[in-house]
Structures are given as C-alpha cells and as structure tokens.
Amino acid sequence: MALRRPMVAGNWKMNGNAALAQELFKKFASKLQNDSAEVVLCPPSIYLESVRQLLEDNKQALDGALVRMGAQNVSQHDFGAYTGEISGQMLKDSGCRYVIIGHSERRRMYGETSNIVAEKFAAAQKHGLTPILCVGESGPAREARRTFEVIAEELDIVIEKNGTMAFDNAIIAYEPLWAVGTGKSATPEQAQEVHAFIRKRLSEVSPFIGENVRILYGGSVTPSNAADLFAQPDVDGGLIGGASLNSSEFLSLCTIAMSA
C-alpha cells in the first residue's frame, strides 16, 4: 500500500487579509513541528506576496514542517490580452507550488466547462505547478444516482487531454456541490465510497497512479468531523473552505491530518 502524505489545503476564496496570514503563521510556528502532513494556503491572489514573505520570514520556525502556497485559479493562456487573468508562469514566479483547478464555484458562476478545466490543468503543469483538480456532483445528480457518472466524465476529459500520467503530479479533490459552503458534509462512508471509485477509475488505466494519487475531501470539513473523514482509507486530507479562515480551526484540522 502506498504511503500517501495527508494534505490540508485552505481555500480562502474571496476572504481574508494579510492579518489573517500573520495570525496563521504565528500559530504554525509553535504548533507545526513535523512533516507528517502537508499544509497549503490558497489566499486571494493579491495576498500571495504577503504569504510568500511570511513563508520566508518563518522558515526557521517552520523547519521540519511542510507549509506551501497555492493559488485559487489560473488562466489556460500563457500571456496576452486577457484582462484580469493570471498565468501559470506568474503564479510560479510568485512562489506558488499548487493551484486549484475546476472548483465548483468557478464551473457554476463563471461558466468553466470541463474542456476549459482540462486546459487549465495542462497550463498549470506546463509552468511547474501542481493542480488540485476538483470534481463532484450536484444534489440532483446524487439523488438521481449519477454521482459516479458525473465524476467519471470530469476525470475522463482531463485524462483524454493530458494523459493518465499527468496525475503523477496532481491532487484530486472530491467536493460534492451539495456540501460546499452549506454546512452539510458527506458522511465518512459517502466520502470513502466516492474516493474509492476515483482511485479505482485511475487504477484501471494506471495502477501506479491509482495507488499513489492523493484525493482530498472538500465540503464543510470542520474539526468535529475531520478525524472520521481523514480516517477513511482513500481520503488523504481535505480542501478546506470556511474553516480555513479561522486560525484555530484550521490549525486543528492540520493537527488531525498529521495523526491520520
């Protein structure tokens, strides 16, 4: 069985500020003392430089811990007349290692199709970033028993355009749309069922990828349900939304992941 390092990625969405970043690092410096889990902070792009500077300033205090920086979005284009967009190279230059791709809010609010998501996945990897690919079903799709069908479609188009081995340098996040920002989380059993399906789906084309890819759960993860979720054999941590804005809660989630 592969030893997959747990990950906790905090997606601030359009929230937070430089003071929140400082508060997080103050707590990290005294509490994160080992590398048994990887922590990723994904602030709004305007605060990437603040987080990068905090990573540099706290390098000694965080010695032994794995704290990285990620972005919430990336353009599928390398450069050009795309007002408001940020390229993969720009994110790489800013110190990012990860970037969230295909979050349900981007798909729903900004019309990001699966084809665009696949292009952004490729753009991220082209510039040395590791994509955190989000997949998940809506409430009606779950009620219609189409969960696996929807997720297979979202995975397959990325595989078709980028190849299975692209997942050797990628993270997958299962985020059921009916649980994102609603306070209603999937049960540990529901999460495990879908994570096992994702792993099996990838294993069918590459046993190595299927065994080694990290799959996070995202959808109203809190300190009260994280231990049971992270204990599932195919759940490798969490993509955290609201709880990532509370330094105490986020630190608790990191600690839980470290002992998972």
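Including glycine, each Cβ sits where the backbone N, Cα and C put it.
Taken from Swiss-Prot, the feature substrate binding site applies to Asn11, Trp12, Lys13, Gly181, Ser220, Gly241, Gly242. In the three-state DSSP scheme, Trp12 (substrate binding site) falls into the coil class. In sequence order, Leu20, Leu41, Cys42, Pro43, Pro44, Tyr47, Gln72, Ser244, Leu245 are the residues near Trp12 (substrate binding site), counting only same-chain partners six or more apart with C-beta under 8 A.
Annotated active site, electrophile per Swiss-Prot: His103, in sequence order, evidence recorded as sequence analysis. The Cβ of His103 (active site, electrophile) lies under 8 Å from the Cβ of Asn11, Gln72, Asn73, Cys134, Glu175, each of these being in the same chain and 6 or more residues away along the sequence.
For Glu175, the entry in Swiss-Prot reads active site, proton acceptor, with the evidence type sequence analysis. All protein chains included, Glu175 (active site, proton acceptor) registers 26 other Cβ atoms within 10 Å of its own Cβ.
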For the recorded substrate site, enumerate neighbouring residues of the same chain (Cβ within 8 Å of the Cβ centroid of Asn11, Trp12, Lys13, Gly181, Ser220, Gly241, Gly242, site residues themselves excluded), in sequence order.
Asn15, Val180, Ile240, Ala243, Ser244, Leu245
